[in-house]
Amino acid sequence: MPEPSKADTKDDSLDDIHPPEPRDPDGLFLSKPQSVAVESGKDVLVVARVDGARGPPKPSVRWYKGKWLELSGKSGARFQFRESLDKESKVYTYELHITKVALGDRGDYRCEVTAKDKKDSCSFNIDVEAPPPSDSDNVLQAFKRTGEAKSDMAGELDFSGLLKKREVQVEEKKKKKDEDDPFPPEIWELLKGVTKKSEYERIAFQYGITDLRGMLKRLKKIKVEPKKSEAFIRKLDPAYQVDKGNKIKLSVELSDPDLPLKWFKNGQQLKPSSKYVFENVGLKRILTIHKCSLADDAAYECRVNEEKCFTEVFVKEPPVTIAKGLDDQQVVVGDRVVLEAEVSEEGAQVMWMKDGVELTREETFKYRFKKDGKKHYLIINEATKEDTGRYKIMTNGGESEAELIVEEKQLEVLQAMADLTVQARDQAVFKCEVSDEKVTGRWYRNGVEVRPSKRIHISHTGRIHKLVIDDVRPEDEGDYTFIPDGYALSLSAKLNFLEIKVEYVPKQEPPKIHLDCSGKAAENTIVVVAGNKLRLDVPISGEPAPTVTWMKDNEEFSVREGRARLEEQKDLSSFVIESAERGDEARYTIRVTNPLGEDTATLIVKVVDVPDPPEALRVTSVGEDWAVLDWEPPKYDGGQPITGYLLERRKHGSARWVKLNFEPFPGRTFECQRLMEGVLYETRVFAVNAIGLSQPSHSSRPFMPIAPTSEPTHLVLEDVTDTTATLKWRPPERVGAGGIDGYLVEYCREGSDEWVPANTELVERCGFTVRGLPTGEKLLFRVTSVNIAGKSPPATLVQPVTIREIVERPKIRLPRQLRQTFIRKVGEQVNLVIPFQGKPRPQVTWTKGGQALGEDIHIRNSDADTVFFIRAAARHHSGQYEMRLQIENMEDTASLHLRIVERPGPPRAVQVKEVWGFNAALEWEPPQDDGNAEVTGYTVQKADTRTMEWFTVYEHNRVPRCTVSELVMGNEYVFRVFSENLCGTSLTPALSANTARVPKAGLRLQPPQFQERDLRCAPQFLTPLVNRSAVAGYTTALNCAVRGDPKPRVVWLKNQVAIGEDPRFLARHSQGVLTLQIRKPGPFDGGTYGCRATNELGEALTECQLEIRVPQ
């Protein structure tokens, strides 16, 4: 494979050829890809370095050719993409490698980086040049010596001869090339300056060039030196990028601020408006585009006279986010599945994926995509087992994932059939309930299908299937079975026919209960499913007719109406329960008595039902994608043993539950798997017995699958003393959804495995000082991050640390502003922080002039700095302060000069020294109190003694004297002066000891002689009438201008005849401008029109021809 281009193979050579641009502090690039030039057939390597410290997510990089063509693995084997990470500096390096570049690879490229919610891009250019012609001559042959004459010391190769030969060849080739060139040099210079392609054809036609294509090929090989711009110091960048809705600024810098500049968009000149704002800042010219839309994605041009510069603006739409994500779904084969998601913008483009593979339009026969405003739907009309998987919807700003589980249809028995015991001519009802309303089935008796007839009725209502047999006969006894269609499931029950044997007895006989269980000690248990009808028909006999008494748990039962009731017939007593409930479960006793004796029988009715919901559902532990559930059994098992439990989960806030198991789980601790980290879930559990499924338990408290973080990074020892060690570290690279609650620091002696916690409470910041360590011991330290999921792997120091103080010489780091006099105003705070260094902790001493500081000066010292604080500064705090830093016999000192200043006092001895003309000279002496600061000037004011309104004459007058001018004659003035320093002017002024009076001199007004000028003149037309042509039917006007004094009298003429009060003519005279308006002229209105102006000094006349054209 050819070697990569030298301009790109090494980063150092890249920096030498293309110096790196200064890094944008808000950008993501540490090193942007640079433009390169490479010969055709060679390899090229483009490198970009990206800052990875903004993450945890890794930045993603895309390469584009031109504006939108994305380069990827599908672009061909010649394009290779590599990336690497420097873990210490957190810098990602991305490389674009193009092998055997061709001329078609030449052009503009763009690199786009995305990290979190921020994006950055950079443009570069790859220029492919044709390879140089190869020299077929043997180079070594050219080095051979020729000729007989050579010395014994000479070698076989003659370099001097080769150089001479090459010079001759180069001169001959150049001369031959110049002779063969059919075009003079002037034409080539003319071709180099062409900017439009159409100019090439014009020049070829003008100079008779027939081989235009060959001329353009030769012109491309000529290296044209870029002409330095005379108008632009800095031109537009090649391209700009802006998000939709934001503003962007395009700026250039001109060499002359007076040059005219114009902005163009796609060739159309732009005008200033609220959308496009033009700014001039010195030599800079800025175009600001507000609220960029897709219409602003265009080519822009800046033109100064004949010079131009171009750029292109790319407007990016904001990323579309997922407002409402997908929900997990669990369906059975054949169901319709609708996956719904809501995005942030209407009409957004989304991508649907299944198990990482994009769902395209080619699969629309199976998948249907639907848009409704911001909502997007993926519809599967008939789900199959192959549709099981993880579905994802992706936008350019987010994604959402959900799991679809498609299971085979499983039919659940909600209520099984119960055995029946009936007697002749009674009704037998077999009833069962299944989970699917659409399921049909067939009934069988002893394996033979039961057909409907007048006595036998088969019904299907919702989920309930019934078989009703009227007028039961002995041949109806047998096993009855219901088999659902399409399922390997059967429900069976037995019909027992109770045959009553009638025997002839005497008319008097003791009472008797005719049941198999009759007898005082006999019992019979009857099981009924809750909700079913129970009818206990007990035949009795006896003469005379016996009295029947029913007992329920030793309490007499005599209700004749209602849900549970007694029914009496001849020789028959019936106990009926319409819909069995748990409260009906009891021991029932029937007693029959007559004068000849009594008989009793006991029936135990047991009501079986679905169990109660399980209790105390809780989450005991969680992991990255799993959680362990625990619960207590139901208080009531429904009279049947619990066979297992079914569990479901859902996302918090969702209404769709997903099953976790399909077969009853026998235990009471279950591990949920395949959860998504960072998503809140809720779970519930059902209890299952032979009768059916219980109601769901209360939902568990929301929980989130999370995992411990990775180990902390970059653990280092920052400081160590005789009893302490200070550690610092960085957060883990992988944090996860559980975040970080804090850090745990531990240490142990070298050679020991017993780790001792250094902190009882978790540390939130990435640093901690371990105190109370044994002096001189060698200890190992480790740090563990802790969150709700537990502890992370520890980060341990590689080398043990010896606990011993390191002596460091004391050094005061006096800030730059304190190395000169520090000035503050009276009443202000003085808060100075002076850092220092030294180990162990140095002793800090402050003095002022060798004396201790006052009580109103506060000093606070720490391990690394000292604070000098005065709450309210006063004048007496000014002076020089000394700071002394001492460690044993080593010390360092520094001085601090502090000056507290305030407003100065008023000046002294203000006097008016001299008054002359309209001027007065003032003098004064500086103030006695300058406020502890240099007096920088004076403010002088004056006031008339009559009004005493003060007016400022001078501000910031530096010398203690001034001359006040422009005084009013006859007035008497008094003056006052304020002194001024850096705090401001003095609070009180100093008044002048005397006043300045400007005397009034005697004046006499002598007005000049004025002679009025004669402005009269004869009429004169300044603007005469001109010939006109008008269209018939359209109003026209004749105009002229006249001057004259007195005002002339004006008469309009037509063909030398005065125009009277004809309403079609309207004459106007305004400020010497005369107008004759002709309303809707006809062909007869044409002719010679004139205007005559007359006054007492003369007259003037002007004429014109008016032609009336009739439209054809």
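Glycine is treated like the rest: Cβ placed from N, Cα and C.
Feature annotations, courtesy of TrEMBL:
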type	residues	note
COMPBIAS	1-26	compositional bias 'Basic and acidic residues'
DOMAIN	25-121	domain 'Ig-like'
DOMAIN	226-321	domain 'Ig-like'
DOMAIN	409-481	domain 'Ig-like'
DOMAIN	511-608	domain 'Ig-like'
DOMAIN	613-709	domain 'Fibronectin type-III'
DOMAIN	711-806	domain 'Fibronectin type-III'
DOMAIN	906-1001	domain 'Fibronectin type-III'
DOMAIN	1019-1102	domain 'Ig-like'
REGION	1-30	region 'Disordered'
Would you mind splitting the domain 'Ig-like' (511-608) into helix, strand and coil residue counts from DSSP? 3 helix, 62 strand, 33 coil
With helix taken as DSSP H, G or I, strand as E or B and everything else coil, how many residues of the domain 'Fibronectin type-III' (613-709) land in each class? 0 helix, 39 strand, 58 coil
So what pLDDT does the domain 'Ig-like' (511-608) average out to? 80
Counts of helix, strand and coil residues, the domain 'Ig-like' (1019-1102), according to DSSP: 3 helix, 53 strand, 28 coil
Helix, strand, coil: count each for the residues of the domain 'Ig-like' (409-481), based on DSSP. 3 helix, 37 strand, 33 coil
Count up the helix, strand and coil residues in the domain 'Ig-like' (25-121) according to DSSP, in that order. 6 helix, 54 strand, 37 coil
With DSSP helix as H/G/I and strand as E/B, how many residues of the domain 'Ig-like' (226-321) fall in helix, strand and coil? 3 helix, 49 strand, 44 coil
